[in-house]
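Trainee: Below you'll find the structure I mean.
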Amino acid sequence: MAFTRKRQREQQLQLYSKERFSLLLLNLEEYYFEQHTAFHVQHQGSQEERKIRGSLKICSKSVIFEPDAISQPILKIPLRDCLKIGKHGENGANKHFAKAKSWGISLIFSQIYFIKEHNIVAPYKIERGKMEYVFELEVSGKVEDVVETLLQLHRASCLDKLGDQMAMITAILQSRLARTSFDKNRFQSVSEKLHMECKAEMVTPLVTNPGHVCITDTSLYFQPLNGYPKPVVQITLQDVRRIYKRRHGLMPLGLEVFCTDDDLCSDIYLKFYEPQDRDDLYFYIATYLEHHAAEHTAESYMLQWQRGHLSNYQYLLHLNNLADRSCNDLSQYPVFPWIISDYSSPELDLSNPATFRDLSKPVGALNAERLERLLTRYQEMPEPRFMYGSHYSSPGYVLFYLVRIAPEYMLCLQNGRFDNADRMFNSIAETWKNCLDGATDFKELIPEFYDEDVSFLVNSLKLDLGKRQGGQMVDDVDLPAWASSPQDFLQKNKDALESGYVSEHLHEWIDLIFGYKQKGSEAIGAHNVFHPLTYEGGVDLNSIEDPDEKVAMLTQILEFGQTPKQLFVTPHPRRITPKFKSLSQASSYNASLTDSPVSPGEESFEDLTEESRTLAWSNIAKLQLHEQYKIHKEAVTGIAVSCNGSSVFTTSQDSTLKMFSKESKMLQRSISFSNMALSSCLLLPGDTTVISSSWDNNVYFYSIAFGRRQDTLMGHDDAVSKICWHNDRLYSGSWDSTVKVWSGVPAEMPGTKRHQFDLLAELEHDVSVNTINLNAVSTLLVSGTKEGMVNIWDLTTATLLHQTSCHSGTVCDAAFSPDSRHILSTGVDGCLNVIDVQTGMLISSMASEEPQRCFVWDGNSVLSGSRSGELLVWDLLGAKVSERIQGHTGAVTCMWMNEQCSSIITGGEDRQIMFWKLQY
């Protein structure tokens with residue numbers, strides 16, 4: 001569980017330091033500066049004194065004394081409550097302390113807190129009234145320095161304005177940091193080379209710890225100014241798996257480092273004082289990681305989730321991580337949705353849609369009556385307006401859920417108190433009801449509700465959390481009737497999260513929290529508007545000159561909750577079934593290199609199974625060159641293969657169409673239609689007609705049986721770049737900025753008469769069209785232009801569905817995935833882009849060192865042909881090149897794959913065609 005794992009790490013560090021003390025004993029925005037071994041001098045009787053040994057902690061707003069004996073309470077004296085501070089004997093000390101030595105420190109104050117007596121976590125005990133405590137330092141020579149420090153901090157704490165207090169404390173802190181530097185003796189090796197050093201704070205939930213960051217050629221170090229909880233935190237760069245820039249207080253100052261694949265528990269979270277320091281450190285580590293770890297984007301995770309390679313839970317974790325949500329920052333703790341809405345039935349029916357919460361609405365809009373009241377207030381509110389006065393995620397809400405495993409955090413947040421017993425997390429059903437009906441309660445859930453650790457539901461620490469109005473003590477969380485145990489409750493929550501209903505609708509909730517409905521007019525329409533201070537860019541803290549206003553703003557930002565960083569600005573696509581059924585293409589062919597017929601002697605298309613295709617693609621890196629032939633005088637531009645696999649037809653920039661026999665390994669025919677280059681070719685079913693497109697603006701039909709040109713379609717005003725065919729319709733893309741749809745092109749064209757080609761539709765573009773392709777059933781067409789635009793067209797209505805500008809320069813190739821859910825495009829910019837067909841959203845982009853001119857793909861993996869002649873195998877889900885295969889001596893310009901995915905033919909600028917076989 002997220003918080004449990006985090007807490008375990010902190011407890012391990014506390015064991016290292018052997019202290020009961022933790023930074024959670026400090027106030028919010030307070031710093032721990034130094035500690036001294038000391039004795040608390042207590043008066044017993046008229047002459048007797050008792051000395052309790054311990055550690056005196058000097059903090060920016062308090063003095064804390066931690067006795068060595070755990071039976072004794074920790075003492076916390078707020079500096080603002082101190083009446084006098086000085087060396088013993090200078091404060092008009094109580095006569096009972098007459099024997100206390102001169103190196104004692106005397107504090108006269110009006111209020112003191114007693115904490116963790118017998119090491120029991122409980123609300124702080126408070127004693128009020130004028131009193132004096134004396135502490136003797138073990139090193140007497142430090143008394144004057146400590147007293148001077150306390151007096152300086154006392155002056156800061158007593159300033160009237162919070163802004164002035166913060167400014168003075170910050171100046172003291174920066175002065176201490178400036179007088180110190182990282183101890184180079186802490187390097188792991190004398191051979192380490194220092195790269196940079198700067199000041200920063202280590203961030204843990206609710207608290208930060210200032211110190212020095214140092215990075216060398218092998219390690220990242222953080223040395224706390226106070227040496228707590230250990231002298232140095234060291235991370236070996238070789239162990240780093242991921243790093244993320246973070247917002248802290250809505251400012252670009254954070255950096256989080258992960259050395260494991262755990263998306264919830266990082267190894268260190270640093271907050272810098274200057275964005276440039278953060279960026280420099282990030283760049284250095286990122287440069288180191290380039291060859292050690294793959295970087296994932298929201299789009300790459302989306303693709304994995306869509307295709308079923310990530311569970312709903314895993315995907316939400318990744319999105320939270322990318323959106324700056326961190327377990328180290330309770331104002332930006334990972335947020336998960338309420339899924340179940342039925343907490344009263346004896347049995348949970350996950351097949352009933354009524355069991356689930358409406359994921360298209362924020363929590364505040366689930367109750368229509370409450371929403372109406374909120375909207376009325378919203379309309380009457382002056383600008384800037386907001387619908388909800390509280391957020392769906394805040395430190396208070398997180399600790400509301402986690403108080404049973406994180407009581408010290410709640411005490412820190414609530415100034416030493418637990419919340420009222422009736423307002424605590426007592427019941428799942430009551431909490432859900434309050435989220436539906438409460439005037440100010442709009443909270444979502446946290447990852448723990450979908451994990452395996454039940455400890456946050458059980459009072460295993462036997463905490464005294466108070467007594468409710470009905471007389472019952474707050475203990476374990478009351479579960480719904482359909483949950484037989486905490487384990488059963490979490491399991492059913494997990495089952496609900498991964499259910500079919502949620503998989504179909506989770507994208508709607510993502511739109512609200514991480515997506516395009518988070519801000520602007522879409523947020524207003526979705527009733528999803530929160531206080532401006534919760535949004536990134538809602539306020540510029542650096543522009544606020546009034547220190548009091550600045551502190552107030554920062555406090556509100558940290559305590560009120562923050563909206564996640566926006567990851568998507570267009571509608572999030574739905575999830576799709578990861579396993580797709582093969583669609584028959586017996587009547588669909590085109591010059592696209594992925595939709596060619598199958599050779600007899602191999603399995604027919606109808607007999608192909610998903611397993612056989614999957615097996616072939618899983619071994620795609622095992623391609624071996626079988627044969628190669630140089631049959632053209634210029635670059636090869638298109639490939640088509642006969643049904644029996646014996647004849648290969650190719651087009652070239654040398655203006656010829658050639659027919660090559662695989663059996664005799666000889667060139668059988670060479671046909672020239674004009675003196676200009678041919679750009680693509682396709683073979684109609686029946687193997688009687690080859691169609692070729694040309695740069696002379698025409699499309700040529702060649703009869704194989706009669707051995708002559710049988711027709712010419714003069715349909716464009718500029719070069720025809722690509723042709724496709726399906727069910728008697730021909731599709732032609734051209735540099736004249738159009739794609740045209742023609743009827744009257746039957747599968748078996750008689751060679752004895754000319755045809756009447758009727759123009760059915762003209763799909764107009766703003767610039768030249770370089771490539772086109774059809775989806776499996778030819779209801780959609782994708783076109784790629786010379787200015788980097790990828791267009792998706794609905795062929796049933798001849799309308800443009802989506803237009804995505806995703807390349808800088810010409811789109812080389814574009815094709816649908818076998819299930820028609822995605823489009824892959826390549827361009828001269830070297831990028832491979834994946835686009836969601838439903839939304840037109842760019843969901844993945846990978847950069848290669850050079851343009852990939854052509855490709856075939858199965859939706860998960862890609863085989864592409866590069867400008868240098870290599871064949872590259874890409875793992876789209878892993879966003880990486882998994883294999884490089886040497887092929888042509890020039891660019892690979894076209895590619896064909898049979899339906900079994902076991903045979904491949906490539907054509908190149910080196911004028912060759914190469915025959916490849918899978919060996920497995």
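Going from the start of the chain as shown, residues are counted 1 onward.
Every residue, even glycine, has its Cβ placed from backbone N, Cα and C.
Taken from Swiss-Prot, the feature domain 'GRAM' applies to 176-247. Annotation comment: Swiss-Prot describes 189-286 as domain 'BEACH-type PH', evidence class sequence analysis. Feature annotation from Swiss-Prot assigns domain 'BEACH' to 290-575. Taken from Swiss-Prot, the feature repeat 'WD 1' applies to 631-661. The repeat 'WD 2' feature in Swiss-Prot is assigned to 673-703. Marked as repeat 'WD 3' by Swiss-Prot: 715-743. Annotation source Swiss-Prot lists repeat 'WD 4' at 764-794. The repeat 'WD 5' annotation in Swiss-Prot covers 806-836. Marked as repeat 'WD 6' by Swiss-Prot: 887-917.
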Trainee: Could you count the residues of the repeat 'WD 5' (806-836) that DSSP puts in helix, in strand and in coil?
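Mentor: With helix first, then strand, then coil, the repeat 'WD 5' (806-836) has 0 helix, 18 strand, 13 coil.
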Trainee: Which stretch from 631-661, 715-743, 764-794, 806-836, 887-917 shares the most C-beta pairs under 8 Å with the repeat 'WD 2' (673-703)?
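Mentor: Highest pair count goes to 631-661.
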Trainee: What same-chain residues lie close to the repeat 'WD 3' (715-743): Cβ under 8 Å, and 6 or more beyond its ends?
Mentor: 587-592, 676, 679-682, 684, 691-699, 757-774, 778, 781, 783, 786, 793, 795, 798
Trainee: With Cβ-Cβ distances below 8 Å as the criterion, list the same-chain residues six or more beyond the ends of the repeat 'WD 6' (887-917) that contact it, or say none.
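Mentor: Distant contacts of the repeat 'WD 6' (887-917): 593-594, 596-599, 602-603, 605, 608, 612-613, 616-617, 620, 623-641, 645, 648, 650, 652, 660, 662, 680, 851, 853-856, 858, 863-871.
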Trainee: What else in the chain is close to the repeat 'WD 1' (631-661), if you only count residues 6 or more beyond its ends and a Cβ gap under 8 Å?
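Mentor: Residues 591, 593, 596-602, 667-683, 685-687, 690, 692-694, 700, 702, 704, 890-891, 893-896, 898, 905-909, 911-913 contact the repeat 'WD 1' (631-661) from elsewhere in the chain.
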Trainee: So what pLDDT does the repeat 'WD 5' (806-836) average out to?
Mentor: 95
